[in-house]
Amino acid sequence: MSENDILEMDSLSDTEEERGDAELGMIDEEVVYPEEFLPTYHSIREGAKVDKAQQAEFNGKPDSLFFNDGVRRIDFILVYEDEDKKDFEKRHTFARRLRRREYFEASLMKMGVELEATPSVVDDKLTFLKIHMPWDVLCTYAEVLHIKLPIQVNDLSSRPSPWRYLSWIAKPFYPSEDLIRKETEFFTAPFEKDRLEYFYVKDRDIFFTPSMRSRMAYYILSRAPYEIRGSIKKFGMNKLLDGGVYKAAYPLHDCRFNVRSSEEGCPNERYLLYEEWAHPKSFYKMQPLDLIRKYYGEKIGIYFAWLGFYTIMLTLAAAVGLGCFIYGYTTKDTSTWSNEVCDPNIGGKLVMCPQCDSCNYWPLISTCDTSKKLCIFDNFGTLVFAVFMAVWVTLFLEFWKRYQAELEYEWDTVEFLEQEEPPRPEYEAKCVYERKNPVTGVKEKVPYTAWGRCVRVSIGMGTVLFWIMLILASIVAITVYRLAVFITFSTKLRNTDLKDLEPLKEYVTPQMATSVTASIISFVVIMILNVLYERVAIWITDFELPRTKTDYENSLTLKMFLFQFVNYYSSCFYIAFAKGKAVGYPGKPVYLLGEYRNEECDPGGCLIELTTQLAIIMGGKAIWNNIQEVLLPWVKNLIFRHCNSAASEKVIPRWEQDYQLQPSSKLGLFYEYLEMVIQFGFVTLFVASFPLAPVLALINNLAEIRIDAWKITTQFRRIVPEKAQDIGAWQPILQGIAILAVATNAMIIAFTSDMIPRLVYYWSFSVYPYGDHPDNTMEGYINSSLSVFNISDFHSRSLVTNTSIPSNFSSSLVTNTSIPSNFSSSLVNNTSIPSNFSTCRYRDFRFPPGHPRQYEHNVYYWHVNAAKMAFIIVVEHIVYFTKFILSYMIPDVPYAVKEQIKREKYLTQIILHETNLKLVTRRLKNGDDEILSNEEAKVTKEEMELDF
């Protein structure tokens, strides 16, 4: 196949191939698609005269949703530039577009669709093509798309809620019942045109909702041919949009978002959605999900249902996380080990070894503030919260399954199976190979052989892996940056007067400066790689040619998320599990690439750095996304209105008002889901280091719901309604994150925080035989957790020539350090620091100098590692067992929903399928009557003969 086959969506006709080259150009009326996919299609002979759309001027009704006759409803709009009004020297470039457009419109009319073209009121070069689906066409394609429609009013009474007596309390938090009335519930069944009398058809004009009509119109537009070249047929509206034949295609909003329609009978659903959902004043109200689904389709409805459910569940997690934070904040001054760091007689007299080759010695007391901040997050409350979040995420996923099952029934997507979903036009256009369907045994067309599919998938996987390796390379580059710039910051900050930064002076350390700048650079790299990879992922998925749109979206979702997972979480995984883990000891440090000394954690530990990283990425990502979602479409629409300000005094029709809005994204809701799932990962994977993550996520989501609602309701054209049963590939992704979160939080507590070493000291090393204290205590932990190093043992490469304390040691690093109020000022002022020293301390568990096994790991180290592994194993097994029990105990489908589904299936069988039994019975009865009549006639004849 040629390279442009994929773009042109060419389809080869088997009949034409058999006829040979002699009959090219003479095309009989043959079907491009199987009849069950496009039953009304009939091709037009090449060179034949084609019908043109009816022309009509604007009738002056700005809110009208009908043709000029006021009867035929507008189901879709196509916009194009009139080629006859182009400049003369450019006309030849638009002849091909005109030919394709005329053939496309003629094909639509051949399929039973009615058209009406109206010139623009604002721009005389534009023409708006209005599309109407007649009743017969709607019935035909409702059966093709298996649209479920009402057959009988739901006679199952809903069970009374145990909270019904408190409904008056919750009433203000729901949309106004005076504006958005609850609709009647029906039992539904897949539509069948031959059994129309069994469906609840009260009024043909409203039997099919506007979203259903638009969905069927889009189905036809995506498959109507626009050009025939010999045996090659080209079809599909999307290619015409990409090629400039049409400038836009969209269904109509039913009214302006802030003003009711003047048309009689208009439901004003867009206005109601804005007032009760998208307006900022309604931020505290529940979402009108049924109206959202009715107006935008099930796919949009299920997204907002999931987002709202996630936000409600976050309320509980945020409350517990906030309580954990308050507990840490109120108990930070009672921490024994932190008080030892801030004690001038303990932390003030401990000289720490340099953390880089050009760094200087530093006093432990300089980390007093950091240790206090660390106590807020590194405490027993964090451990409890991490276990709670593991249980919370299981409850969230299980209860979401139940809620989703209810929505599936209420929104008629229970039987939305894969075999019911039609293939994508791009897939059908490439079907040139035959194979035997493994299910039906019937021969069918496919776009590739088994070998060809393997090649396509292999190329796609290879490209994804290449980009993931590119991200990992950027991570290594940022790591090298951190190592290199840490030396620079250490030198500059030591030789720079920071009086101008007096309020922030105590926070401006080399470690913090390195961490913050690296986080910002990492954020910029993430955003740049996102833009590049999006195009690559779309190209790969197009190349793989998935069969259905659901397959396409799931494949693209998996590729994008794998990339985004590495992109967003890599820096957090590095800080949590790699940084400061392989640094050696002062006399024998480990060097990366043989040149850069491995980066050590901040003096207060890596946990506080992980917290900083999470806050920067979560905060920066939320701010950036909200700016994009709010400002970009608003500014674009503002500029468009400014450029057309001359026509603002004219009466503009509904279809032209919508044209001035922004088009919806080709990826649909992908980035909306991705934003929330990435946030879900931050909330669950690293919550042990940042209990406030659920609080930030809750605040962001409360704004996100209204921003998304405001955006699609006021700034974008109406989205083409689509069917969806669930949230697609995002469901297994969420489950995978939930499983991984248990392991990551257990490992953060074990390897990143100091909780396990403190517990080991408290229970084992503070008392006999390792300690001198009579009872278990945390006193002496700091001295026990810091190993001793003889400065004369420094390696020549990392030798620190200045073995004396800097002259400003006591004044700048001690007196300016925040000391807890419970320490007397005399202790600080009388602290004597020796001018020379022979040893320094570092964070590790090793034998001291002079020991037969000096600088080797001591027994404390092995006790701590054994305790860490035991902690991980025990916590993981307990949590996973709890998750399994909860998953087993909570059914995915509520019992009441199961009853309603069974009742609906029973009615469908009775009303629809017993019709066949009646027909058979009637035929059998007619046959019996004929036999009986013949026998009676025979008897009568014999009697007459006897009488004669």
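Including glycine, each Cβ sits where the backbone N, Cα and C put it.
All TrEMBL annotations are machine predictions without curation.
Annotation comment: TrEMBL describes 66-289 as domain 'Anoctamin dimerisation'. According to TrEMBL, the domain 'Anoctamin transmembrane' annotation covers 292-904. Residues or ranges marked as region 'Disordered' by TrEMBL: 1-20. If you look up TrEMBL, you'll see 303-329, 380-400, 464-489, 509-533, 676-699, 733-752 marked as transmembrane segment.
Note on the transmembrane segment (464-489): residues 355-359, 510-511, 513-515, 517-518, 521-522, 525, 529, 533, 536-537, 540, 559, 562-563, 566-567, 570-571, 574, 592-593, 596-599 of its chain, located 6 or more positions outside it, place their CB under 8 angstroms from a CB of the stretch. Within the same chain, the transmembrane segment (303-329) packs against the transmembrane segment (676-699): three or more Cβ pairs sit under 8 Å, each pair at least 6 residues apart.
With a cut-off of 8 Å between Cβ atoms, the residues of this chain six or more beyond the transmembrane segment (676-699) that come close are 307, 310-311, 314-315, 317-318, 320-322, 324-325, 328, 377, 381-383, 385-386, 389, 393, 561, 564-565, 568-569, 572, 576, 607, 610-611, 614-615, 617-619, 621-622, 730, 733-734, 737-738, 740-741, 744-745, 748-749, 752-753. When Cβ-Cβ distances below 8 Å are used as the criterion, the transmembrane segment (380-400) is approached by residues 306, 309-310, 313, 316-317, 320-321, 323-324, 327-328, 683-684, 687-689, 691, 694, 734-735, 737-738, 741-742, 745-746, 748-749, 753, 755, 875, 879, 882-883, 886-887, 890, 892 of the same chain, each at least six residues removed from its ends.
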